[in-house]
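What TrEMBL says about this protein:
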type	residues	note
TRANSMEM	55-75	transmembrane segment
DOMAIN	55-498	domain 'Major facilitator superfamily (MFS) profile'
TRANSMEM	121-142	transmembrane segment
TRANSMEM	149-171	transmembrane segment
TRANSMEM	177-198	transmembrane segment
TRANSMEM	210-231	transmembrane segment
TRANSMEM	243-262	transmembrane segment
TRANSMEM	295-327	transmembrane segment
TRANSMEM	347-367	transmembrane segment
TRANSMEM	379-400	transmembrane segment
TRANSMEM	406-426	transmembrane segment
TRANSMEM	438-464	transmembrane segment
TRANSMEM	476-497	transmembrane segment
């Protein structure tokens, strides 16, 4: 996965003459060009915030296009090939910007590509545009045809696009833009198959733990990616930031081969599990003797439980996009961290997510398995931690952090990562529990809102944070806190972990008609 520390290093460091604060008012003085070079930040691309915003949003828009059919296809035809194609856990961060700063007429810049703000914004948003086209049908297609092949195909496309990115950036801006839109198409087909696979493989009483384990690959890639990417950026003799795309693109293709060999759409078709495991998994799944698998679209779109999950997914995706893509810029521009420390600090929230998400999931499954609390109460408790805990962390960063309190910023970001991970046992588990038969469709809807958030967040960020000052960043963090609290409260009221009435299979009714037969017996 390409870490966004690379993007911070590849971006030019901009010095604004018309800064909203004078240096006498802000004791944390801006870094000049010489200091920036000594800190390890050497720019390559001259992309302003709008271009950066569009490039960040590109994969989200692309995924929104494929996400709905992907879930249906995964459930219908099997998730194995679909999952292989998308390579979700290695490539998710490919949506990141290749820049972090704002340009002005008084800016001093060192870079390679002269792309104006509009171009940068479009490039960031390209993948989001592509995903918006495929994200809705993807869930339906995953449920209908099976997720295996969909995931395989999308992963291959994303891996190939990753390898081509350095060449296309030099060759032609519009070629890179089109490639990122195509990457968005593939990304939209990648995520619903994962939910479809989870509904086929994970017993209800183990769903939180297994979901946390499977999605740990995302945090693992972000954690290791921060260290690896910041190191590769400094190897200028070997290509610097380009090495990141080559390395993770090659790793992704390797993963695709492994996935093709060992994956299957469900326990019945797997050659890698024992008969005992197969029987155990199948016995815990709902029986599929329903009259019809027709998707109850009207019931889904009018369900408060579904809408509460969708909006929580929006809030998490919105803030995750800000943290994932712009945190290195916050460390550089506000806290003035050198590049060698930027990668380590940027990976901290994801490391905390990795550590605590599995702990929270085990606690949640224990409470459900031993009937300590109902499934719905459990998901609401952990979602409360996820929404309100993260909001408090954002408020703390907005009000109390500056370059003199770097330790506090690191502590609060660690708390944010810890609380964020509780959402896996909250709304994420709820999305698989309220309608297991239509997990791909529900996942597509969740990802559509997630991609909408990922596409919107960079634009909001660029509008609210035009100069990258401490005050601008405080506003960004307060907006994130407000979104967390608003949609988290909605889930507290309307959320559920019980199978909804419209999602229960209708059993076939066998009508037995009694027939009376009169037998005349003649005794002679």
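Note: Cβ is positioned from N, Cα and C throughout, glycine not excepted.
What TrEMBL says about a protein is an automatic prediction, not a curated fact.
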For the transmembrane segment (476-497), distant same-chain residues with Cβ under 8 A (at least six beyond the ends): 304-305, 307-309, 311-312, 314-315, 318-319, 322, 374-376, 378-380, 383-384, 386-388, 390-392, 394-395, 397-398, 426-427, 429-430, 433-434, 460-461, 464-465
Winner by Cβ pairs under 8 Å against the transmembrane segment (149-171), considering only 243-262, 379-400, 406-426: 243-262
Outside the transmembrane segment (406-426), six or more residues from its ends: residues with CB under 8 Å to it: 208, 211-212, 215, 219, 312, 316, 320, 323, 327, 335, 337, 345, 348-357, 360-361, 363-364, 378-390, 392-394, 396-397, 400, 491, 495
